[in-house]
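Let me begin by presenting the structure, written as structure tokens, before commenting on it.
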Amino acid sequence: MLGVLKKVFDPNKRQLARLEKIADQVDALGPEMARLSDEQLRQKTEEFKARYQQGESLDDLLVEAFAVVREGAKRVLGLYPYKVQIMGGVVLHEGDIAEMKTGEGKTLTATMPVYLNALTGRGVHVVTVNEYLATRDATEMGKLYEFLGMTVGLNLSGMSREEKQAAYNADITYGTNNEFGFDYLRDNMVLYKEHIVQRPLYYAIIDEVDSILIDEARTPLIISGTAQKSTKLYVQANAFVRTLRKDVDYTYDEKTKSVQLTEEGINKAERAFGIDNLFDLKHVTLNHHIQLALRAHVTMQRDVDYVVQDGKVIIVDPFTGRLMHGRRYSDGLHQAIEAKEGLEIQNESMTLATITFQNYFRMYEKLAGMTGTAKTEEEEFRNIYNMRVVVIPTNRPVIREDRPDLIYRTMEGKFRAVVEDIAARHAKGQPVLVGTVAIETSEMLSEMLKKRGIPHNVLNAKNHAKEAEIIAQAGQKGAVTIATNMAGRGTDIKLGEGVKELGGLAVIGTERHESRRIDNQLRGRSGRQGDPGVSQFYLSLEDELMRRFGSESLMAMMDRLGMDDSQPIQSKMVTRAVESAQKRVEGNNFDARKQLLQYDDVLREQREIIYRQRYEVLDSDNLRGIIEKMIHSVIERVVNAHTPKEEVPEEWNLKGLVEYLNAHLLPEGDVTEADLRGKEPEEMIELIWAKVKARYDEKEAQIPPEQMREFERVVVLRAVDMKWMHHIDAMEQLRQGIHLRAYGQVDPLREYQMEGYAMFEEMIAAIEEEVATYIMKAEIHHNLERQEVAKGEAVHPKEDGEEPKRKPVRKAVRVGRNDPCPCGSGKKYKHCCGRTV
């Protein structure tokens, strides 16, 4: 009954019926398009663009545009997209995922929605897993787009800025997920607007979408710079600050915990470091380190604000007195305290920018993807990316035979059987593709085949171009190919002459993967386009997945039945048990990714704010308005800190306020305590603001306006980049240590959100303060240059497709207490023979 209901209410069926209607309409235009000359076909592109500009939507143009691409493909590539490919194309245009089996022509399917969306002139990105595939597709499909009058760009790592700009300005850009992500990050670190390469993100089609959005979703892209000099500076600044005297060289205000160098202290610093002006822009870093060392010595007390444990400085929560593991003071204060305590200074890992694929791809207005296997992860695509998965039927029915798993007792027995199977098939000339989970396994199998004298190829996802050639040959008579899961993705295995009669390509899996999806990918390598084929998985009770989900009872059963290593179990029940184990692992992985995304969202919101504001700085001609707002909020904060509402005006610390103004905003004597006495905080703010504005105007008058504007931009960009870099670092440290808070009955995620928000507010305040100080205090030179705060290096996540190495399980003689007893009773060792031990 359930089966009948499912058929009636199957949403995929409804989708397909709708898609089929559209495909029929496209098909009906076939003869009309065939009558057009090449020139008339090319003219269609201009006609569509004009109609789009006049207000027709892409959906209105879809049927005709798809028909044009279809006809173009026939003339240029000699390929005519099938109806199922048109259906897949519609799914992609609608921003969903088309699940199309291997060999169904995904690359050609994508050309139709790519062309349609490129008519907007906003740029379409086609994303692949490696540069070999990007180059191959851009070259092959590029012929079709160029025939239809579109421009095609290829975005590879190592290209110059000009080459990248040209690639992104094309109608259609091919590239890898890594490169698109890194370009986004680099664009938000540029010092000149003209250096930006990407246009606003509009529409992307991701090939092998499951691999990029799920398997690699948690991989962060990181651009990092190193700060080698800084460790030395912390030590030098620390030694210098030890020589200073309170009230002579610096002033300290207990209430606001603010510490300032006096004129005398500033002179001392200039003498000690042999410089003429501490507030010169070229001494920003030194000044920063001296301020940090001062704060570490004067405002931070050991065993009150922090404790030292195992050579590490750990912060004490001022409200609860708990140790805040994993939290580090930001902006280098933590390192300054380490220098003060004579500990090893943890080198700042300068992450200049970072983003995960999940968050990068969620920024596109419209996102679509295609893959052979996505249905098992449908829930994740829907929840996180708001994409549906539509299973597109194959052009010809699949006649591959998927046999139930063969389960052996030990790994040794399993591999012996695999080699026998390969040898038997090789003898009759049937091509074999063997899939392994780890590189070690493929090397071990290769050794075993060498001993038997069977010629074969081994692929380990290291050299994409060469592997594509080998994989393409894997369907020839007598070919034996061993490949790790990811090797040669995106390349078709076409059958050689006479192979069909031998039963097509045989796919042998040597172990089940954690994810059903990857097993299905391996199976799908055989039986493309209605070819015959067979797939068979060999498992053993010692495989990792089997061990994780209780293979003891099976082991005991095999022993009781007196089965040895050479006799496998082949049963649907066991196959189902394996699948349910895989479902559990997939569920766990999904939860982990979902949780990570919630943590990541905190940084994502902050990143978007910072990047948006940074772009405004690059884009605006005159920053004075923005800077005045910053200075005003600094004045408000400082006045309010020194004149708390709960104190009577006589107790207000006006001396501290004047000292702050002298150190950061105004020349000495501009505002005195007498000027401020008897005034309300609002009046003080107005008075100080008027003085600051007057000084700002004086600066403006002394130098040409364009130089002043450039000076402002240098100061703001530097402050934002520096503080943001420290902030990313502090957020990462917070995230590493936050899970320890769960012991205190608090939700780590909420804590992370609250503290992350507070740290962000602190960072904004620090940016404003630094900008205010340098605008008001620095001397302006004629040869100002914008500077990067550190040289950025893109840290590539593991090379595409390289699986994290999984060690083969080695047998040990020692029996663990919870292991099955070696006597074969089926009980745990501790309840059986282990009792007496």
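Every residue gets a Cβ built from N, Cα and C, even glycine.
What Swiss-Prot lists as ATP binding site is Gln85, Gly103, Glu104, Gly105, Lys106, Thr107, Asp492. All chains included, 18 other C-beta atoms sit within 10 angstroms of the C-beta of Asp492 (ATP binding site).
What Swiss-Prot records for 787-806 is compositional bias 'Basic and acidic residues'.
Residues or ranges marked as region 'Disordered' by Swiss-Prot: 787-811.
Annotation source Swiss-Prot lists Zn(2+) binding site at Cys821, Cys823, Cys832, Cys833.
Sorted by the number of other CB atoms within 10 A, the binding-site residues Gln85, Thr107 start with Thr107, the lowest. Classification of Lys106 (ATP binding site) by DSSP places it within a helix.
All chains included, 19 other C-beta atoms sit within 10 angstroms of the C-beta of Gly105 (ATP binding site).
Cβ atoms within 8 Å of the centroid of the Cβ atoms of Gln85, Gly103, Glu104, Gly105, Lys106, Thr107, Asp492 (the ATP site) belong to the same-chain residues Met100, Thr102, Leu108, Thr109, site residues excluded. Residues Gln85, Gly103, Glu104, Gly105, Lys106, Thr107, Asp492 are recorded as binding ATP; their most distant pair of Cα atoms lies 16 Å apart.
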